[in-house]
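Have a look at the structure below, then the notes.
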Amino acid sequence: MTKFIFVTGGVVSSLGKGITASSLGRLLKDRGLNVTIQKFDPYLNVDPGTMSPYQHGEVFVTDDGAETDLDLGHYERFIDINLNKFSNVTAGKVYSHVLKKERRGDYLGGTVQVIPHITNEIKERLLLAGESTNADVVITEIGGTTGDIESLPFIEAIRQIRSDLGRENVMYVHCTLLPYIKAAGEMKTKPTQHSVKELRGLGIQPDLIVVRTEYEMTQDLKDKIALFCDINKESVIECRDADSLYEIPLQLSQQNMDDIVIKRLQLNAKYETQLDEWKQLLDIVNNLDGKITIGLVGKYVSLQDAYLSVVESLKHAGYPFAKDIDIRWIDSSEVTDENAAEYLADVDGILVPGGFGFRASEGKISAIKYARENNVPFFGICLGMQLATVEFSRNVLGLEGAHSAELDPATPYPIIDLLPEQKDIEDLGGTLRLGLYPCSIKEGTLAQDVYGKAEIEERHRHRYEFNNDYREQLEANGMVISGTSPDGRLVEMVEIPTNDFFIACQFHPEFLSRPNRPHPIFKSFIEASLKYQQNK
């Protein structure tokens, strides 16, 4: 039977529940268990797809096209699994589904209430996460902080699930903060005690407490928390601040967290703890030698979480070369043709990531022009690819006013236009081209060198696509279309072979990169940037 682990948080937000859940998932996977993980978000948006990046950070896309919380990126990268649409559940999605059922008459005229209708819907989605993946263990992170009014239906649902499935199949992990009071010169357990008291008042007794702390805990502190919170002493797990997130699984393993979970849930682990690969990765991360400077030109750079997966993918790509990646955050609204060199002259590579809307798009085009004309390694993603074709059309083909129909509906040369199937769609949420799609790579191209194969699959998130009316013109003037949909209809990758490294893709490769397995485009981009740096 599938076992369920729930990760809650108390005292303050941003304690690292997601990293704790991810690290535990990694430990259990390395013991030979089939693990999946999900996030419950208490906000009323159906999904984060239409939320501002300034509010929410990036939208992470799964293979099956779900637009999800950025924490799912952490989950996938840490555990090295591919998640699905059941891995992110919002209050908005739950309420929306319940209300649709009510309108259909599914409740036979009954009064629809938070208990049992909302809680039953939440529990149903809990079970689907396990059923859809045949998982041995489902780890669920509950967003927010214990006591938040928005989280109460989720807390009630996970309380009920223990009775539904049996105590032996359910486990609760609670993350808290152990603050250091400088004036007193000591760490205080009282916030943890009150947080657990709040959780117990809601009917949940934690089995494990993970304590976030700046300093090493004494055994007396652990004993005190165990006594006041009514758990075993070995079930108080210290999680110290670390220089690298990749240290956290090792910290938890050293305190036998995986053994405690396996014993408590009576899991059949196939192996003893195996973290050799993880230790090798951490050794590389802790011994980087030199840096490569990448100019990331975007419109949301004031909130770096808007590009979280891109940043992580760049870091992954630096590891094989033992290089740290120094990201130069460049606000595209400030870049022009005239001042581009001021921002980009000393970078080793230029990356233009995805985005939506007209604002700051001209600055991205100026950055792309600078990369093309000065032979600086360039990598464009999604909108970055679209604007690369726009820049080429304007400045090489001479099509003055060429643009994307999304950004300039009146453009005389719509190089980028709506996908045909998008023409009559009015709703914004969940209606883009989303998820994993195949791509055919053209022989003899940089793309083929990068991937080393003719067919690939990548994740997408876009509504607009390259306009095939301009295909022949671009190719006749030196831009190569190196990747298309298998039927040849949709342009997925472009490149300029006369440049040392100029490649762009319509898809989002950052969603498939792993710390121990960098995505091939990112790796090739960093390799080209390193060569450019060495030849300066």
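The backbone N, Cα and C atoms fix where each Cβ goes, glycine too.
Note that this is a predicted model, so its numbers are computed, not measured.
What Swiss-Prot records for 1-267 is region 'Amidoligase domain', and it gives sequence analysis as the kind of evidence.
If you look up Swiss-Prot, you'll see Ser13, Asp148, Ile149, Glu150, Lys188, Thr189, Lys190, Pro191, Thr192, Gln193, Lys224 marked as CTP binding site, on the strength of sequence analysis. Around the Cβ of Lys188 (CTP binding site), a 10 Å sphere holds 14 further Cβ atoms from the protein chains shown.
Per Swiss-Prot, UTP binding site is recorded for Ser13, Lys188, Thr189, Lys190, Pro191, Thr192, Gln193, Lys224. Look at Lys190 (CTP binding site): DSSP puts it in a helix.
Summarising the annotation, Swiss-Prot assigns ATP binding site to Ser14, Leu15, Gly16, Lys17, Gly18, Ile19, Asp71, Arg240, Asp241, Ala242. For Asp241 (ATP binding site), the count of additional Cβ atoms within 10 Å of its Cβ stands at 10 [all protein chains shown]. DSSP assigns Asp241 (ATP binding site) to coil, not to a helix or a strand.
Counting only residues at least six positions away in the same chain, the Cβ atoms of Val352, Pro353, Gly354, Gly355, Phe356, Ser361, Lys364, His462 sit under 8 Å from the Cβ of Leu383 (L-glutamine binding site). DSSP gives Leu383 (L-glutamine binding site) a helix state. Sequence annotations record features per position, and here Swiss-Prot assigns L-glutamine binding site to Tyr54, Gly355, Leu383, Gly384, Met385, Gln386, Glu406, Arg463 based on sequence analysis.
Per Swiss-Prot, the feature Mg(2+) binding site maps to Asp71, Glu141; the stated evidence is sequence analysis. Around the Cβ of Asp71 (ATP binding site), the number of neighbouring Cβ atoms within 10 Å comes to 24.
Residues or ranges marked as domain 'Glutamine amidotransferase type-1' by Swiss-Prot on the basis of sequence analysis: 293-535.
The feature active site, nucleophile is assigned by Swiss-Prot to Cys382. Under a cutoff of 8 A between CB atoms, and with a sequence separation of 6+ in the same chain, the neighbours of Cys382 (active site, nucleophile) are Pro353, Gly354, Gly355, Arg461, His462, Cys505, Gln506, Phe507, His508.
For His508 (among others), the entry in Swiss-Prot reads active site.
The secondary structure of Glu510 (active site), as reduced to three states from DSSP, is helical. Per Swiss-Prot, the feature active site maps to Glu510 (among others).
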Assigned conformation of Lys224 (CTP binding site) - DSSP reduced to three states: helix
Nearest recorded site to Glu510 (active site) by CA-CA distance, among binding-site residues Gln193, Asp241, Glu406: Glu406
Neighbourhood of Gln386 (L-glutamine binding site) by C-beta distance under 8 A, where only residues 6 or more apart in the same chain count: Ser404, Ile415, Ile416, Tyr464, Phe466, Gln506
Candidate with sparsest Cβ neighbourhood (10 Å radius) among Thr189, Thr192, the listed binding-site residues: Thr189
